[in-house]
Amino acid sequence: MDTDDVESNTSSAMSTLGSLFSFTSPAVKKLLGWKQGDEEEKWAEKAVDSLVKKLKKRKGAIEELERALSCPGQPSKCVTIPRSLDGRLQVSHRKGLPHVIYCRVWRWPDLQSHHELKPLELCQYPFSAKQKEVCINPYHYKRVESPVLPPVLVPRHSEFAPGHSMLQFNHVAEPSMPHNVSYSNSGFNSHSLSTSNTSVGSPSSVNSNPNSPYDSLAGTPPPAYSPSEDGNSNNPNDGGQLLDAQMGDVAQVSYSEPAFWASIAYYELNCRVGEVFHCNNNSVIVDGFTNPSNNSDRCCLGQLSNVNRNSTIENTRRHIGKGVHLYYVTGEVYAECLSDSAIFVQSRNCNYHHGFHPSTVCKIPPGCSLKIFNNQEFAQLLSQSVNNGFEAVYELTKMCTIRMSFVKGWGAEYHRQDVTSTPCWIEIHLHGPLQWLDKVLTQMGSPHNAISSVS
């Protein structure tokens, strides 16, 4: 037998041996028949194989799952697995929430986060209930739709009462150092709330807080015309004429999604490093590693060089690790800390929602996720600000920029007073809200007072 024959036989034997070890059970093959999408075949197979091993221990569970997948329009029972300590499931070096994993496999391959899912009322063991069992039946969950934001109605002829043409938080004194609050999966700690709630009201408390920088928004009357109110007219014949007359006095400015939902700039102290990263994927990870594959969903800080980098920056960069997961779903932006060290976030939209001072810095520890921007709340603020003049609307541009530092924090509880004193930080610009503001400001015309860096 010559060498070629020996090599051929050896290769054939190895192939046979490999196929034995990679044997896929009939139950797994059958369930994979309902898989959605073409990507990550191996990952999906491992996820389903892991599930089948768990369901085999429960009589009728696999059959119930097959019934749910084959007849999606028919009612089905819960298909459950035991809840792990941290609620997550590991599949091939990747951890995820079980109901998200299997909804991604069998219904929505583009699913990014559990924030996009809501359980149906018939589900007895939804993930959100935090019971010992978790339902992974993909037809016991529905996908949350992105809310349609109403257009902003800009008056063509603005008339303001003397002394009331500007939003009052222009005149609120910024603290010498930002307040600090700490967040966890159970919410903000009580110490944080007691030390920062004195400065600003949340949407629910803003009316009762006389010191709130947003106080003028709460008392702002709604625009002269609201499409939802038009249906309440007692005289159906007057509706069309009233609409025409009122719409002649206002310009409708609608929100539209941009090609890139955000851009990210990386800084070391007060120096920008590298190119701006444009986010076209709704899920983006900013980490401290290099990215040889140039994935569009990863912004890797490890590959960026800076000749002015000192030892503190070098040490901080080593601790960024897995960094932060940013995801944009249903008009909301979330930040999840994947690093072993905390991240620190300054988001005026988030601070407004929680009733903190606009400049407050929130600490997000490892493993925690925080909503850092809400398009609907921004839309309400924008609609109300239009009645307060150009400067009031322009002030909202600050809400469209989010600053985030890695490992090292800043503010009243830290020796660094400003974000530019932290070794490693990023600035996130939200393109959709910024473009919406720009269109509204264009409709409003020139400001009554000159806009400057100190206005």
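Glycine residues also receive a Cβ, built from the backbone N, Cα and C atoms like all the rest.
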Q) Per Swiss-Prot, which one of Cys103, Cys123 shares the Zn(2+) site with Cys78, Cys135, His140? A) Cys123
Q) Under Swiss-Prot, which of the candidate ranges 46-50, 106-110, 221-225 is annotated region 'Interaction with lack'? A) 221-225
Q.
Per DSSP, what is the helix/strand/coil residue tally across the domain 'MH1' (26-150)?
A. 50 helix, 18 strand, 57 coil
Q: Across all the protein chains here, work out how many other Cβ atoms are within 10 Å of the Cβ of His140 (Zn(2+) binding site).
A: 25
Q) How does the model score the domain 'MH1' (26-150) in terms of mean pLDDT? A) 89
